[in-house]
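Heads up: the structure comes next, in structure tokens.
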Amino acid sequence: MPDNQSVLIVVEVKGGTPAPAAAELFTAAKAITADESIFALVVGTGAREAAVAVGRLGAVKVFAAEVGQVSSDAVALTVMPLAANLNPKIILLAETDLGRDLAPMLAARLSTAAVTDVIAIRTEGGSRIFTRPVYGGNALADFTIDTEPQVVSIRPKTFAPAPANDKHTVEILELPAAEPLTGVQILERVAVKETGPKIEEAKIVVGGGRGLGGPEGFAQLQELAGLLDGVVGASRPPCDQGWWPESGQIGVTGKIIAPDLYIAVGISGSSQHLSGVSGAKTLVAINKDAEANIFKAAAYGVTGDWKKVVPALVAKVKELTGR
Ligand SMILES: Cc1cc2nc3c(=O)[nH]c(=O)nc-3n(C[C@H](O)[C@H](O)[C@H](O)COP(=O)(O)OP(=O)(O)OC[C@H]3O[C@@H](n4cnc5c(N)ncnc54)[C@H](O)[C@@H]3O)c2cc1C
């Protein structure tokens, strides 16, 4: 049995491809423990295939569990016997739909505690301290967990992805997937139609808010985003109103994004929205209200009606790019 300095990373996989946040979890794990104490559980479809790629990120051993329908319940039941065997000090998950659900479930079943949506980890006086945003992103709070394993879900893009080492030899063990025990049954999965890059991975995002006044405004944002090879997203009101798909909502209850450039159009800059874009390298705001909170977060701002500003921006980008 490995010593209790070990870290167990849980990686979701679809069709043999590990979730993008997997490599980031390895960077977090390497900051906590030595490489020979890092273990990974790869769970989902094509787990065996993905286990090799995951192992190359730096795991000493990878456990692969083939699960057709990934649910937090099935993953928790797969992790539990593994945790009993490995006795890890910490279990790391990504703060995704699965991780958000899985972390508290796992902590309860392992009689320990979880901290979710972690954006920083540090050690002070021998205690590991986990920082996460609270009150809709208006404050940061520090947590410690006195019991083990400490269950921690990490916000995507918090850590840089660990590089893969193709020479790293990986021991892979296949695990039987657990059957969910609760009454929860997944009856159907409907894939969201996505064209172009995912909003969480896009380098340029153009976000539309209530100030657009209706779904028509989003067509203009799509034109701008298309010219910049970017993706369109939205604050919560346009998604609630059905002007833009819910899958494109940015913010504390939507997607957390960290693009190189975020252009916020007709968005006031609520804390719930801003906490989803705090990782953006450059924020540009277009708003007709010079006092709008979004300008406090913006590196560049245009005070004006988007109906005039966006077409002018589109025309300028066309002129500069020849598109
Ligand atoms: C628990 C909870 C969770 C939430 N989660 C989220 C979340 O994940 N994401 C999120 O976005 N919100 C979230 N919200 C909602 C949030 O509090 C705000 O209500 C929301 O972000 C406001 O969206 P908005 O900026 O588009 O709209 P508004 O606040 O109404 O702002 C519209 C802006 O458009 C500007 N405008 C109007 N017309 C024009 C024009 N012609 N040209 C230029 N500018 C114009 C206005 O000056 C204004 O600043 C949450 C709220 C709660 C309580």
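Glycine is treated like the rest: Cβ placed from N, Cα and C.
The domain 'Electron transfer flavoprotein alpha/beta-subunit N-terminal' annotation in TrEMBL covers 7-190.
On its own chain, His273 (FAD binding site) has Gly209, Ser235, Arg236, Ile250, Gly251, Val252, Ile267 as residues at least 6 apart in sequence with a Cβ closer than 8 Å to its own Cβ. TrEMBL lists Arg210, 235-236, 249-253, 266-273, Asn287 with the feature FAD binding site.
The predicted model assigns the domain 'Electron transfer flavoprotein alpha/beta-subunit N-terminal' (7-190) a mean pLDDT of 91. According to its DSSP assignment, Gln249 (FAD binding site) is in a strand. By neighbour count, meaning other C-beta atoms within 10 Å, the densest spot among the binding-site residues Gln249, Ser270 is Gln249.
Counting other C-beta atoms within 10 Å of each candidate's C-beta, the binding-site residues Val252, Ile267 are led by Ile267.
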